[in-house]
There are 2 protein chains.
Amino acid sequence: MSTSLTVSILGCYAAAPGAFKNPTSQVLEIRNHVFLIDCGEGTQVALRRNKIKFVRIKHIFISHLHGDHFFGLMGVISTFSLLKRTAPLTIYGPVGIKEVVLLQLKLTQSFTSYPLHFKELKSKEPQLIYEDDLVTVTTIPLKHRIYTNGYYFQEKVGLRKLDINAALNLEIDKAYFNKIKQGGDVTLEDGTVVPNHELTFDPPTPKSYAYCSDTSYQPSITDQIQGATVLYHESTFLDSHEHLCKVTGHSTAKQAATIAKEAGVDQLILGHYSTRYPDLNAFKEEAQTIFADTHLADDGEVFTF
Amino acid sequence: MSTSLTVSILGCYAAAPGAFKNPTSQVLEIRNHVFLIDCGEGTQVALRRNKIKFVRIKHIFISHLHGDHFFGLMGVISTFSLLKRTAPLTIYGPVGIKEVVLLQLKLTQSFTSYPLHFKELKSKEPQLIYEDDLVTVTTIPLKHRIYTNGYYFQEKVGLRKLDINAALNLEIDKAYFNKIKQGGDVTLEDGTVVPNHELTFDPPTPKSYAYCSDTSYQPSITDQIQGATVLYHESTFLDSHEHLCKVTGHSTAKQAATIAKEAGVDQLILGHYSTRYPDLNAFKEEAQTIFADTHLADDGEVFTF
């Protein structure tokens, strides 16, 4: 089975939204999951414009409780109800997120039409917060002005792929095929043991997506996300404004690229740009002096890996 | 002094925002005030698109705590801080609004850069909530699913306008001019009393703006807003869906027009349309069978009266 990662950028600008610049939100499609990551004001409208079906979103991951990453959450929760959704929704985010959502539901005197679950986070260590047969999601503790997590989405290693011609040549009954896909050897009627690698191809290499925003330069994360397929890393500033990173808890494009290089990822996406810069290409150029496979996020853009 | 009312419609659609349909928010400019009325998600972006200077907004009036009327409030409050505003801001709205704003400020671990005041409302009678030398603002208790107020913005009667030629002909010293503008008569040196009306013109008729959204048909409000210059009245439905009004606490275009007629207002603006209707002209046509001077609000539109 070949798989692909799709990342739809709903918004990728820092701080206050502009007339045509959305705050942070993005959708990751991985192994048939549609994960919503962060939820700045206007996310529900951006979802509509990107034609992402609301009902497919079952999990929302909030990195931290600054407005540009979660002020759109109530609108999403509320609109899902207006649309009479019944599928459960789980929200992952820092402690406090449940209180602010429930208070607003109470004030609007409304209930959601669907089961709404919260998984509140407070650990400063990486934590496995979601797992099924196909993917895992683990927090990436980041260093920002307030408690913040990135999220690491990883496909699991899939089943081995049956070499159907090899199996037919050896007249292996199809009752054994599942066992073979799971890695088992086969003993023929004459007692010959056929090792699994003669009957199968390797499964596709599992892909992974590391979302890191907002954060100051944090080299300690590179171990955790080593070899990721894609890293989305914030680059609020250019190197010329590096002195602003310490106060604000943000990174430069150069720092983002250094993380990508040290983590040995395949591809880097930059985002969370300060609106002070009229030309985003400067971010890409700066990052590419360190890490070649760098892409620029922009609102409405869709990346497939 | 001639004055005008300007109403900028930032959003005028009911319930969930569409890709190009904003929830409720509007700006009233009256006697140099810039009042923000309701604040659905995306209001700050709509303010930018309408080129309304944030710093001129010193008062925000929230009708009720349904999301499509206040989910943009935190973004506005937060962006004002990012822009390092220092001018005070006062929020008027139902009890609970202060708690939800302060909780979110606490969670984001931030303070506003400016004094933030709240006037929480719970009265079911009309209440004078703002007054200065030029205008008053009074609540209009409405009937909706939850506690809701409209707002009635009224210019005060201005000073009388001095008839400068009449004053000069009678050789009246300019030291008396202020007294004359305030309505006083003048006694000449020979003892003759010149009555005020011979020295002045009437001041301009004060204008007024009644904002009524959301509400079911509520004829009792017509006394309070009698003779208003402009009435903005919600018309979520057409008459053909009148049966939905009771459950939802909304009005039809026909009902809005009936209120306008009974209140003897000069002009009616319809808004808060359900997104089920592809053609807004049907609202206008329906209303005009009862009240001729009917206008349709639309996002981004500016009315001057």
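Including glycine, each Cβ sits where the backbone N, Cα and C put it.
Just so you know, TrEMBL annotations never went through curation; they're auto-generated.
Its Cβ placed at the centre, B:Asp214 (Zn(2+) 1 binding site) has 26 other Cβ atoms within 10 Å. The secondary structure of B:Asp214 (Zn(2+) 1 binding site), as reduced to three states from DSSP, is coil rather than helix or strand. What TrEMBL records for B:His64, B:His66, B:His144, B:Asp214 is Zn(2+) 1 binding site.
Taking a C-beta cut-off of under 8 angstroms and a sequence separation of 6 or more, B:Asp68 (active site, proton acceptor) has the following same-chain neighbours: B:Ala14, B:Ala15, B:Ala16, B:Pro17, B:Pro23, B:Thr24, B:Gly40, B:Glu41. What TrEMBL lists as active site, proton acceptor is B:Asp68.
TrEMBL lists B:Asp68, B:His69, B:Asp214, B:His272 with the feature Zn(2+) 2 binding site.
Those binding-site residues from the list B:His64, B:His66, B:His144, B:Asp214 that have a Cβ under 8 Å from chain A Cβ atoms: B:His66.
If you compare Cα positions, B:His272 (Zn(2+) 2 binding site) sits closest to B:Asp214 out of the binding-site residues B:His64, B:His66, B:Asp214. A sphere of 10 angstroms centred on the C-beta of B:His69 (Zn(2+) 2 binding site) encloses 27 other C-beta atoms. For the binding-site residues shown (B:His64, B:His66, B:His144, B:His272), fewest C-beta neighbours within 10 angstroms: B:His144.
The Zn(2+) 1 site, placed at the center of the C-beta atoms of B:His64, B:His66, B:His144, B:Asp214, has further neighbours from the same chain whose C-beta lies within 8 angstroms: B:Ser63, B:Leu65, B:His69, B:Leu142, B:Arg145, B:Ile146, B:Thr148, B:Ser213, B:Thr215, B:Gly249.
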